[in-house]
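Peer 1: Would you mind keeping the following structure in view while I ask a few things?
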Amino acid sequence: MIKKRNTTKISVIGAGSVGATTAYALMLSGVATEIVLVDVNKSKTEGEAMDLSHGADFVKPVNILSGDYKDTEGSDIVVITAGAAQKVGETRLQLINKNINIFKSIIPEVVKYNKDAILLVVSNPVDVLSYVTYKLSGFPKERVIGSGTVLDTSRLKHEIGKRYKIDPRNVNTYIMGEHGDSEIATWSVTNIQNIKIDEYANKENLEYNDNFRKEVYENVKNAAYEVINRKGATFYAIALAVTRIVKAILGDEKTILPVSTLVENYYGIKDVYLGMPCIVGGSGIEKALSIDLNKTEASKLVKSAETLKNTLNNASGL
């Protein structure tokens, strides 16, 4: 449990597009009194910290600095965004071997100075690297969290909200499983302010059929690729997703977010990190919720878990 105190320290490992934008989003949110950026590119990291610090007059008091792992000591949360960038046409799972080796150098250093911190993994493939972090750190599963499908779920809500012309925040649904190509949309539990989506669509004379579900799902699943094809990387939305998770932890909100967690017995799935609805609070992941899926969704989730397990089994250096 993160103890109540006057200062809150967050360290961000990796000062690339995602890391720097995450630091910016955290700065704007006002959740931290100190943000530390660490990256192998010292000059760029110093520049990012300087640039952010120059906005001090426009936000709550916050000390932003660049440094080494020693400077992260005593962090409440360590956000890990470091890793090889996803290239055009490259799936998240193809990144694994490159990023495992990077994590082998990062995690021991993070743990050395932050034995009580919560680790929030953002680097892709996030589910696999969350599992790798869990194993390398020796931390309890509650304190090793992946950003999971929080962003994918936001994309799904956005797609439905756009088509139905309603506030996406009124759409209750989840993307579960891998943050990537085998993720699943939980249509069976999707509702609009507690009205089942099929009932809502019927009452409002809106489209809701196999074609609708397929089109929406494909748009969500391929969203990152579409952004990467146009601008080279995704970083704004994921930075907001990370900030949302951080706020849930620091505020001990006990809110439900589909983060990546160690699944131990859910539809027969064991010993793998997957995006699951979890209660997130001051202790990190306080509980993973075993929501009831229909047979098709459950089968797809099992396959998603198998995909990730196969990747782990085939990865070099594990």
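Positions of Cβ are set from backbone N, Cα and C atoms, glycine also.
Quick paste from Swiss-Prot:
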ACT_SITE  HIS179  active site, proton acceptor
BINDING   VAL18, ASP39, LYS44, TYR69, GLY83, ALA84, SER105, VAL122, SER123, ASN124, SER147  NAD(+) binding site
BINDING   GLN86, ARG92, ASN124, PRO125, VAL126, ASP127, ASP152, THR153, SER154, ARG155, THR234  substrate binding site
MOD_RES   TYR225  phosphotyrosine
Peer 1: Restricting to the chain of SER123 (NAD(+) binding site) and a gap of 6 or more, list residues whose Cβ falls under 8 Å of its Cβ, or answer none.
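Peer 2: Listed in sequence order: GLY14, ILE80, THR81, ALA82, GLY83, ASN99, ILE102, PHE103, LEU129.
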Peer 1: 10 Å Cβ neighbour count around THR234 (substrate binding site)?
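Peer 2: Excluding its own Cβ, the number within 10 Å is 20.
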Peer 1: Any idea of the Cα spread of the NAD(+) site, VAL18, ASP39, LYS44, TYR69, GLY83, ALA84, SER105, VAL122, SER123, ASN124, SER147, as a max distance in Å?
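Peer 2: Of all Cα pairs among the recorded NAD(+) binders, the widest measures 25 Å.
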Peer 1: Tell me, in order along the sequence, which recorded positions from ASN124, SER154, HIS179, TYR225, THR234 have their CA within 10 Å of VAL18 (NAD(+) binding site).
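Peer 2: The recorded positions passing the 10 Å Cα test are THR234.
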Peer 1: Looking at the recorded positions ASN124, ASP152, SER154, TYR225, THR234, whose Cα is closest in space to that of LYS44 (NAD(+) binding site)?
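Peer 2: It is THR234, whose Cα lies nearest.
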Peer 1: Give the sequence-ordered list of residues that share a chain with SER147 (NAD(+) binding site), lie 6 or more positions from it, and have CB atoms under 8 Å from its CB.
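Peer 2: Once residues fewer than 6 apart are set aside, SER147 (NAD(+) binding site) is near LEU120, VAL121, VAL122, VAL126, HIS179, ILE238, ALA241, VAL242, ILE245, VAL259, SER260.
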Peer 1: Between SER105 (NAD(+) binding site) and TYR225 (phosphotyrosine), how far is it from one CA atom to the other, in Å?
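Peer 2: Checking the Cα atoms of SER105 (NAD(+) binding site) and TYR225 (phosphotyrosine) gives a distance of 28 Å.
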Peer 1: Quick one: pull the CA-CA distance for ASP152 (substrate binding site) versus TYR225 (phosphotyrosine), whole Å only.
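Peer 2: ASP152 (substrate binding site) to TYR225 (phosphotyrosine), Cα-Cα distance: 13 Å.
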Peer 1: Where's the emptiest Cβ shell within 10 Å among the binding-site residues SER105, ASN124, SER154?
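Peer 2: Looking at the binding-site residues SER105, ASN124, SER154, the Cβ with the fewest others within 10 Å is that of SER105.
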Peer 1: Within 10 Å of its Cβ, which one of these binding-site residues (VAL18, VAL126) has the largest number of other Cβ atoms?
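Peer 2: Counting Cβ neighbours within 10 Å, the top one is VAL126.
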Peer 1: C-alpha of ASN124 (substrate binding site) to C-alpha of TYR225 (phosphotyrosine): distance in Å?
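Peer 2: Their Cα atoms are separated by 13 Å.
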Peer 1: For each of the recorded positions (LYS44, GLY83, ASP152, HIS179, TYR225), count the other CB atoms lying within 10 A of its CB, then report the residue with the highest count.
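Peer 2: Answer by Cβ density within 10 Å: HIS179.
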Peer 1: At the level of the C-alpha atoms, what whole-angstrom distance separates TYR225 (phosphotyrosine) and SER154 (substrate binding site)?
Peer 2: 16
Peer 1: By the DSSP assignment reduced to helix, strand and coil, which category contains ASN124 (substrate binding site)?
Peer 2: coil
